[in-house]
Amino acid sequence: MAKFATQLLLFVLIASLVMLEVHASNTFQVPDLGKRLLMNRDPNGFPCAESCVYIPCTVTALLGCSCRNRVCYRNEL
């Protein structure tokens with residue numbers, strides 16, 4: 001009887017892990033960059049990964065970025 005109980009417990013644990021994996025894979029989806037940009041629209045434009053707290057936009061100015069609210073932004077199209 002103890003062997004049967006051990007096998008049943010092992011089966012239930014494995015089945016639980018499989019079901020957890022199936023449910024987790026269906027709900028976990030990373031949105032692509034386009035969706036993230038559309039969902040998090042900033043009225044200033046797109047951040048250029050440079051701040052302009054003490055020094056104005058230097059490297060990203062070549063890409064068309066300008067300083068607004070102490071962050072370098074590129075105007076939206």
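Note that Cβ sites are derived from N, Cα and C of the backbone, with glycine treated the same way.
Among the features that Swiss-Prot reports, signal peptide is placed at 1-24, with the record citing sequence analysis. What Swiss-Prot records for Cys48-Cys65, Cys52-Cys67, Cys57-Cys72 is disulfide bond.
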Cα separation, Cys52 (disulfide bond) to Cys65 (disulfide bond) (Å, whole number): 11
Secondary structure at Cys52 (disulfide bond), reduced by DSSP to three states: coil
Candidate with the highest Cβ count within 10 Å, taken from the disulfide-bonded residues Cys52, Cys57, Cys65, Cys67: Cys65
Which listed residue (Cys48, Cys72) has most other Cβ within 10 Å, given these are disulfide-bonded residues: Cys72
